[in-house]
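Single-structure report; data block below.
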Amino acid sequence: MAKQPFFTLEDFKMAFSLFCCMCGIGTLGMPGNFARTGPVLGFFATAFMAFANIYASVSMSKVLLLAPTSVKTFSDLGEWSMGKTGRWLAVISQMGSCLLIPCVFLVLGGGLLDGLFPGAFSPTVWIVLMAVTVLPLCLVPTLKEGAGAAFAGCMGTLVADGLAIGIIVHGMEGHPSIPTPDLDLGQVIGAFGSLSLGYGAGIVLPDVQRQHSDPARMPRVVGATMLFIMCMLMVLGLVPYFSMGCQGGGNILYTIYADSSTGLTSVGFAPKWGSVVLAYLAMQMHITIAFSVLLNPAFYIAERLVLGMHQKTPDDIENGLAYQEAGTPVEDISKQTLLQSDVARISISSDRRSKTPVVPVTATEYQPNHAHEEEVAEYRGPNTIKYIVLRVTIVVVLVVLSIIFQDHFSDFADFVGASAITANCILLPTIFYLIKTWNQVPVYERVPAVFVLVVCFVLGCYSTYTAGKNLFAPSDSDATFPYCEPEFQNTIYYNQTA
């Protein structure tokens, strides 16, 4: 048997799929994370989050390999692992991710549009107008072809980040020694939520793995992709830090915006307005695309729960019974029979060729692609008005939440990352894996797995509490640079015009 290459072309396509779906607003907060923690702690915090996310994502990939072919989505995996409790935990965390992240998009988009067109409308009006512009795409029944959209959204983020870093490095050229953060435990732990938002393959991994012709290679693909993303996040955090120090903000795009009266940014340099506009437009493109794509899983689940759509077919029910039985050892079945069953299942999985686009649309409970026409048919007839009303209602609720929290982008992003993303992408995948494989997992793997679970659970709870406190009961502190020592909290350390 010929030895397979370490990384095939299909592996690269799957890795690119994951990268495109994960590269988003989480990158904007990386300079702020290093401003909170400093370069050393920031490096180790980013590396730890990479380890936690790599382990959790690889664990999800492994447990998906063990699952029967009828387990297609994250909630299916939850039910196979923990019964109805697991399904509801998966659905709630997935709904939280897919509803709260679009809220962050609206908050960010309103701020960006207000910066691009100062004085035209208030950020509140911009949020409403932005929701109106993306609403037609939200009403499209399904988003079957998502490859181009995911690629365009990813490129928008990379262009925005690259321009922002270039603007900062050029504008701060010739700066003196940077101020270092005034470290305290709460400030350092506060970076957890933002770091969680920077990773997070759990939302899309089941769809990507289902599309690979040889799913057994996916753990390697996941690990390599997450390592690359870790290196990218390190660069996005460290390069601006060595120009701004602790005076870096929670959103790199807000840092490059100049005050209308002084012409200087918050850190003391005059940016080229054209470069700022390009960075803002690139990020606005990402927001517009990602908003409707990320909402689609929430729409699908809501339509199932509220309208009774997308119910399982008789074949699905039969498969569901099969996978529940397969998850429980039966004493009177011989080992040979089990071995033959496993070989047959692996053979079927390996021979299956996906005709879906390389980049998954969303981590939804979509039916396989051959049932796409049946799924679209559900949106015709009496259901047409119902699904439109339901989706518009969801968007209206998100707009209201976005308006309420429009002045707290960083805290809102931290809250989403520490709660929904942590549960969806770290805690639940690891729990599902350990439940199904505890007796087979060696001790040297159990220890770090439990360590990741405990640490991420504690840090996630603490970060969720502190971010929520800042959202609902903000402090009276008005320091411009709260992460610095008192000397630099309200005074820029470098002025380009001085």
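Keep in mind that glycine also has a Cβ here, set from the backbone N, Cα and C atoms.
Here TrEMBL flags 14-462 as domain 'Amino acid transporter transmembrane'. If you look up TrEMBL, you'll see 12-34, 40-67, 88-108, 120-140, 147-169, 189-209, 221-242, 277-302, 388-406, 412-435, 447-465 marked as transmembrane segment.
Comparing 12-34, 120-140, 221-242, 277-302, 388-406 for CB pairs under 8 angstroms to the transmembrane segment (189-209), the maximum falls on 12-34. Counted as Cβ pairs under 8 Å, contacts with the transmembrane segment (221-242) are highest for 12-34 among 12-34, 88-108, 447-465.
With respect to Cβ pairs under 8 Å, the transmembrane segment (40-67) is most closely packed against 12-34, considering the stretches 12-34, 120-140, 277-302. The stretch from 12-34, 88-108, 120-140, 277-302, 412-435 that makes the most Cβ contacts under 8 Å with the transmembrane segment (388-406) is 120-140. Same-chain residues lying 6+ beyond the ends of the transmembrane segment (12-34) with a Cβ under 8 Å from its Cβ atoms: 42, 45-46, 101, 104-105, 108, 150-151, 153-154, 157-158, 161, 191, 194-201, 203-205, 208-209, 211-212, 218, 221-222, 224-225, 228-229, 232-233, 236-238, 240-241, 244, 248-253, 255, 283, 286-287, 290, 358-360, 410, 413-414, 417. For the transmembrane segment (88-108), the partner stretch with the highest count of Cβ pairs under 8 angstroms, out of 120-140, 147-169, 412-435, is 412-435. The transmembrane segment (277-302) shares more Cβ pairs under 8 Å with 120-140 than with any other stretch in the list 120-140, 412-435, 447-465. Long-range contacts of the transmembrane segment (147-169) within the same chain: residues 17, 19-21, 23-25, 27-28, 236, 239-240, 243-244, 252-253, 255-256, 267, 269, 271-272, 275-276, 278-280, 282-286, 289-290, 293, 357-361, each at least 6 residues beyond the stretch ends and with a Cβ under 8 Å from a Cβ of the stretch.
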